[in-house]
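Below is one structure, written out as structure tokens; the observations come after it.
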Amino acid sequence: MFKGSMVAIVTPFKKGKIDEKAFEKLIEWHIKEGTHGIVPCGTTGEASTLDYEEHYKVIEITVKVVNKRIPVIAGTGSNSTDEAIMITKKAEKLGADAALLVTPYYNKPTQEGLYRHYKEIADKTGIPLILYNVPGRTSVNILPQTVARLAEHPRIVGIKEATGDMKQVSELIRLCGDKITVLSGDDFTNLTLLALGGKGAISVTANICPKDMAELFNAWEKGDIEHARKLHYKLEPLNKAMFIETNPIPVKTALAMMGKIKEEFRLPLCEMSQTNKEKLAEVLRSAGLIK
């Protein structure tokens, strides 16, 4: 159910509020371009600066606009287990198909603490759960052995792996087999992860080039490895450009340059430096995304 190019969609703002019209248009554009799933309220969606009502509103809009055409995987993670349960239950009530739960950040739990955190959430909620491992942001790395334990739970169905460590991903897939779906959380490793047995990606770059990203995964699934490889190299400069400053600053700036959203962030995130903005524009022009 959860495979291919799933966009870690941005949250557009306008004068400090969620730009609902721009958001709805973005979702429709993604579906038209072939995106396989929408992931609201993740890192790229600036979930950390949304209040509860805004968080729920973003999920609600996504579910309503998608209207069951493709899966909606709502970001519901927290470093408080009780809070994660609360948000996940709300996402379930709003109609999300699954929940994406980042590892608890700042409080740095042990592997046993991580296991108990996710098991508690799975025991007390009713939708499929996808773990999210991004130690570069959370300072905690959920190890393959811990994921293998969690994969025994019927509601824990996947993991977004954003370590960029293919040795760890390989061990993870070897230990878990088909019990869990492994998704790339690092666009640089999308093709490599597929070769190891992964099934898709929760992608930042898909925000600006949904058609090409979806086509990469479609080509792989059809066995057209050479075409998938060509798309990988075509997308590589864009993947790099999306991280010349902290995500989601570059991707939102790119979407603003493309006329899709306003160039607006919430503090402590702010606009790009002019130097990096010029570099970004050059990459977008080379890719044919802006004139």
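Glycine too: its Cβ is placed from the backbone N, Cα and C atoms.
Counting every protein chain shown, 23 other Cβ atoms lie within 10 Å of the Cβ of T43 (site 'Part of a proton relay during catalysis'). As annotated by Swiss-Prot, site 'Part of a proton relay during catalysis' applies to T43 (among others), with the evidence given as sequence analysis.
Look at Swiss-Prot and you will find T44, I202 tagged as pyruvate binding site. Secondary structure at T44 (pyruvate binding site), as computed by DSSP, is coil. Listed in sequence order, A8, I9, V10, V204, N207, N247, P248, V251 are the same-chain residues at least 6 apart in sequence whose CB falls under 8 Å from the CB of T44 (pyruvate binding site).
The number of other Cβ atoms within 10 Å of the Cβ belonging to Y106 (site 'Part of a proton relay during catalysis'), over all protein chains shown, comes to 8. Annotation comment: Swiss-Prot describes Y106 (among others) as site 'Part of a proton relay during catalysis', evidence class sequence analysis.
Secondary structure at Y132 (active site, proton donor/acceptor), taken from DSSP and collapsed to helix, strand or coil, is strand. Residues or ranges marked as active site, proton donor/acceptor by Swiss-Prot on the basis of sequence analysis: Y132.
Look at Swiss-Prot and you will find K160 tagged as active site, schiff-base intermediate with substrate, backed by sequence analysis. According to DSSP, K160 (active site, schiff-base intermediate with substrate) sits within a strand segment.
Taking CA atoms as the reference points, Y106 (site 'Part of a proton relay during catalysis') and I202 (pyruvate binding site) are 23 Å apart. Each residue contributes its Cα atom, and for Y132 (active site, proton donor/acceptor) and T43 (site 'Part of a proton relay during catalysis') those atoms are 11 Å apart.
Between the CA atoms of T43 (site 'Part of a proton relay during catalysis') and I202 (pyruvate binding site) there is a gap of 11 Å.
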